[in-house]
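Okay, structure first, notes after.
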Amino acid sequence: MTNCEKDEEFVCISCVEEVRYSFVSHLSEALRRKGINNVVVDVDIDDLLFKESQAKIEKAGVSVMVLPGNCDPSEVWLDKFAKVLECQRNNKDQAVVSVLYGDSLLRDQWLSELDFRGLSRIHQSRKECSDSILVEEIVRDVYETHFYVGRIGIYSKLLEIENMVNKQPIGIRCVGIWGMPGIGKTTLAKAVFDQMSSAFDASCFIEDYDKSIHEKGLYCLLEEQLLPGNDATIMKLNSLRDRLNSKRVLVVLDDVCNALVAESFLEGFDWLGPGSLIIITSRDKQVFRLCGINQIYEVQGLNEKEARQLFLLSASIKEDMGEQNLHELSVRVISYANGNPLAISVYGRELKGKKKLSEMETAFLKLKRRPPFKIVDAFKSSYDTLSDNEKNIFLDIACFFQGENVNYVIQLLEGCGFFPHVEIDVLVDKCLVTISENRVWLHKLTQDIGREIINGETVQIERRRRLWEPWSIKYLLEYNEHKANGEPKTTFKRAQGSEEIEGLFLDTSNLRFDLQPSAFKNMLNLRLLKIYCSNPEVHPVINFPTGSLHSLPNELRLLHWENYPLKSLPQNFDPRHLVEINMPYSQLQKLWGGTKNLEMLRTIRLCHSQHLVDIDDLLKAENLEVIDLQGCTRLQNFPAAGRLLRLRVVNLSGCIKIKSVLEIPPNIEKLHLQGTGILALPVSTVKPNHRELVNFLTEIPGLSEASKLERLTSLLESNSSCQDLGKLICLELKDCSCLQSLPNMANLDLNVLDLSGCSSLNSIQGFPRFLKQLYLGGTAIREVPQLPQSLEILNAHGSCLRSLPNMANLEFLKVLDLSGCSELETIQGFPRNLKELYFAGTTLREVPQLPLSLEVLNAHGSDSEKLPMHYKFNNFFDLSQQVVNDFFLKALTYVKHIPRGYTQELINKAPTFSFSAPSHTNQNATFDLQPGSSVMTRLNHSWRNTLVGFGMLVEVAFPEDYCDATDVGISCVCRWSNKEGRSCRIERNFHCWAPGKVVPKVRKDHTFVFSDVNMRPSTGEGNDPDIWAGLVVFEFFPINQQTKCLNDRFTVTRCGVRVINVATGNTSLENISLVLSLDPVEVSGYEVLRVSYDDLQEMDKVLFLYIASLFNDEDVDFVAPLIAGIDLDVSSGLKVLADVSLISVSSNGEIVMHSLQRQMGKEILHGQSMLLSDCESSMTENLSDVPKKEKKHRESKVKKVVSIPAIDEGDLWTWRKYGQKDILGSRFPRGYYRCAYKFTHGCKATKQVQRSETDSNMLAITYLSEHNHPRPTKRKALADSTRSTSSSICSAITTSASSRVFQNKDEPNKPHLPSSSTPPGNAAVLFKMTDMEEFQDNMEVDNDVVDTRTLALFPEFQHQPEEEYPWSTFFDD
């Protein structure tokens, strides 16, 4: 028995007095209802400055801050809030949940402050939802944040159990929790007990019910659990009844195996009070049936995200380890466990402590071969409860029949003397086997444990009852005699099979060996024999070196031998027990000689046995149901099979030498005669009960007798009277090119009519009233009569149709294919339930309103100029790059009529649309999506003047087992800074699927495309959007209908945005422009600098570059001392950067920078400290002492070469250093400089500086190109104002990071020349190696340059005074 465990940690709620006894009281009560009983609500926000209150917060597991939204977030409030964050830093495991309660105009200010402090868990009251919904959101957040450690994935299941209980009528309610071993039944039951027990007068949780009831007895156990603390022992149920009469009682019986004991236990509880609840957990559904429990909850496995979380916790692996191979290993483990929490946690613990990836992989492979005892014990306890026959069936399925058709398995097992109809149901009830899509499946763990049971019976391979491992089987069957001097010689004695073997399945894909003739001699009880090749590309090589097989076991039920190499089966083989013979691609000429007893034979498949000439023996198999002789090219006749009354299917396709069929059994359902030599069937073969004839006959007389004929294909001449067709339901006249007309078929019962390829057919009088599928592709029909109401598919691909009747009333029509109908002019309407529509290549000028149910639309290449103004397509399965472009183009054709001075009213009339598609169906499409959930772009001036809106593409990763995506949507947030420097945003929510429609099961990844012209920045004067510098940021979040963020269940993996603008007088694909993210290849550092820094002060720029260069998730307290001596205000500077979303500060006080912003900052530094492109022309031209090589050198641009003393004041130009290289044979490095006015004036002047080899006091300066601006005579005020700041920053950077960043590990003692002109802390060192490789490739290195990849980023020359190369030039662009 396990009572609700007392949580050592508690939830601390801080609030103001006004909501303490209203909203907060409801919140605390809701937490208690969820089993979180330790809730402290006595901490008033006004008391947060006192140490006693702070101590309470520090001890809490979760701290909930209920903030008054109607109060201004003043300094007092922020000081109090900071105290909570300080308490949280003292308790690293504590989570902080913020609640902004109450309607307020100050909400944006609060949200800004909370976001600045890095708090992501923010709940706020909204007008559209009640307080109860807000409370439910908070409770779920708190529960999943902290209190479900060890109960991962339980919360959603708790809600389902609670709903199941609430739906039952008042009285004694019962719920069964059912699932496979290790799936989490006990954990779920404990969670339910913890959550609900406080609402009952008495409660008990009896663990391991069968064992407990056996050890303590029923009444003693009940007394102990329901009435704890009583001295007297209750020996009779009457006494217990007196004490608990009419009370509400919660009873949980865990892991019940003996249904009879549980049934007798529950029968004595009819006296419990109304509202009592009895919960039973069991892995056997039969327990619930005997106990009369109808409400059964099947526990499902963990989804992918939950499984990964549990595995990482169990194995103590951090999410951010980042090693791809380690991630792949975790995926394999999770996939193998298939959502079973016990297996995931056990495997995680077994892999814990392995330091090397190779050790973890080896350990996992061993665990798969020999599952841990804890897992085996859990599953074997279910196996031990089975009867002998049930155990045999389970082991047969585990070893041989995984994924096989259930009817096929039942047929074989019946032939073995079992009763599989009943016994397979028992296995299903005990969660050992599942039936899905008419196939038999076992969990991977269950299958491996079943096989482990077989292998654990004995170490001797030849004595194991079932064999499936190829190398073990090869060991038993391989021929072990070799010839020496022409005589057989036994080289060693090999173990052979024994009578214990009952099944042998050999996969020959990777085997080559000779089979001994007596291989099966001792396997007297072998029931199942299958020799096959699972790899169709491999030709198996297994031969009989002696050319004979001595015997086969007479107990065989299944004989499946692909590529059988002999001409016949052993003559002494008795096939009386055979149920199936399956020997495709064999060398058989005949099965055997003489007559054999085949009374049990149901199926024979000898397809593609090209040497087969005789099958007369099959006439003795009176119970035969299927004969498959496809591709038996030498077979000349098919015997009269009139006596085979059970024969249902005959396949003679490809038997080209068969000219006639003498007699067809009366119950035949399928007759395949394609590729035979049969030209006609006698009248006697067409019986009234024939259901299907599949053939290529030229004539079938006597159709009047085929009253039940359902299928007839390739009939070259239609009968003059359709009345003779009786109950024909499928008529295929495909490619009957001479067919010119058909009679009226309105009175027929046809379901399928295929006239495709009937190129001479130009008219049709009427359609059958129950027609479901109509194919008119390639016909000459121009008009069709009224279509039947029952029609589901209409395919007129490539036909000559000019018009169609109104189809709006065809409510069953799902597929409409009009592609290639070049003469089609109009369509009057579409059915409301249409799912697939194809009209690519048509001449339609206008398309009616498309239905919301549409899933597939292909209009590529059509001439349609007008699509509906507003439409939404769901679950597209045909989504390509061209289709996306077509939608963006065709749906926006309207905007070409908008004049340049367009108004908002006209904009509001522009189309909006959305559609979606599974990502796996579009693997070849390139949408230029960027990784992550956000994308940033800069709109150029021409785009801003003609901007209409944006198209958005979002890829969302769904859990593999997630089925109900009805309420899933995407929230898109568009942010920009206006020309006054204020941060602006627009948020739009898009539904992924149409409301009220049935949503199909989503795949792992889904791509959604949205367009809404209102999703655009506001328009200022002259229709120019009010965007400062054109910078726009888009962020995407998965949400539900209550706009609750679903990041914990779904993930936005990639996204992209396209700019939609209007061009006067023309609309083309040029008006749909791809938005580029801040990719270093696509966007230069200077462009990003100008875009992102226009609204920042210089000091804030310095602070941002400092953080982007050296700090990743560092604490504010760590960063602040490093810039202590600088005129930078950390608190205000961080707030400014957070306001413009360049950084955020987490609840732990860590400075967090998104990878996009960090990359942007590095691009700025990269662009200002190292010029990658301009150095190409300057390097190679001036290496005069380098031997000539066959390289393409650029034309020299050398202006002059001068030598000056190292102490010279310089040339009065302002230069910026971008690189330095060691020169082979020289003691001194060479420095490379460019004009500091490159970007502001477009100056391309560069120079190279190197100390002279003969006189180190002299500098050799090579000038390349001329300046295009006058020599600067006065420094900018900005340079003077920032110099001191920059120097201090450099000092701080050098102190804090030189030891971890700037040291060359290959040359630790190599000195760097100091410089005052370039800061020692140049952040260019943080750039990726690929950037340095690109720099080196552009340098066109010759033989005199020391290798390489050595970029001395910080050394400088002493000759330049500080005034010449100020740090401020790094920023003054």
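Including glycine, each Cβ sits where the backbone N, Cα and C put it.
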Swiss-Prot record, motif 'Nuclear localization signal', of the ranges 934-951, 970-987, 988-1005 the matching one is 988-1005
Going by DSSP, give the three-state secondary structure for Pro181 (ATP binding site). coil
Neighbours of the ATP site Gly179, Met180, Pro181, Gly182, Ile183, Gly184, Lys185, Thr186: Cβ within 8 Å of the Cβ centroid, same chain, sequence order. Arg283, Val299, Asn340, Pro341, Leu342
Near the repeat 'LRR 8' (768-793), which residues from the same chain, at least 6 beyond its ends, have a CB less than 8 A from one of its CBs? 734, 745-762, 799-805, 807, 809-815, 817, 823
Most crowded position, judged by CB atoms within 10 A, among Gly179, Gly182, Gly184 as binding-site residues: Gly184
Chain-internal residues, separated by at least six, CB under 8 A from Met180 (ATP binding site): Arg283, Asn340, Cys431, Leu432, His443, Thr446
Taking the Cβ of Lys185 (ATP binding site) as the centre, count every other Cβ atom within 10 Å, in any protein chain shown. 24
So how many other Cβ atoms are close to Pro181 (ATP binding site), meaning within 10 Å of its Cβ? 25
Could you give me the DSSP helix, strand and coil counts for the repeat 'LRR 5' (621-646)? 0 helix, 4 strand, 22 coil
Around Thr186 (ATP binding site), which residues of its chain at least 6 apart sit with Cβ under 8 Å of its Cβ? Glu207, Asp254, Asp255, Thr281
Looking only at Cβ atoms, how many others are within 10 Å of the one on Ile183 (ATP binding site)? 25
Taking the repeat 'LRR 5' (621-646) alone, what is its mean pLDDT? 88
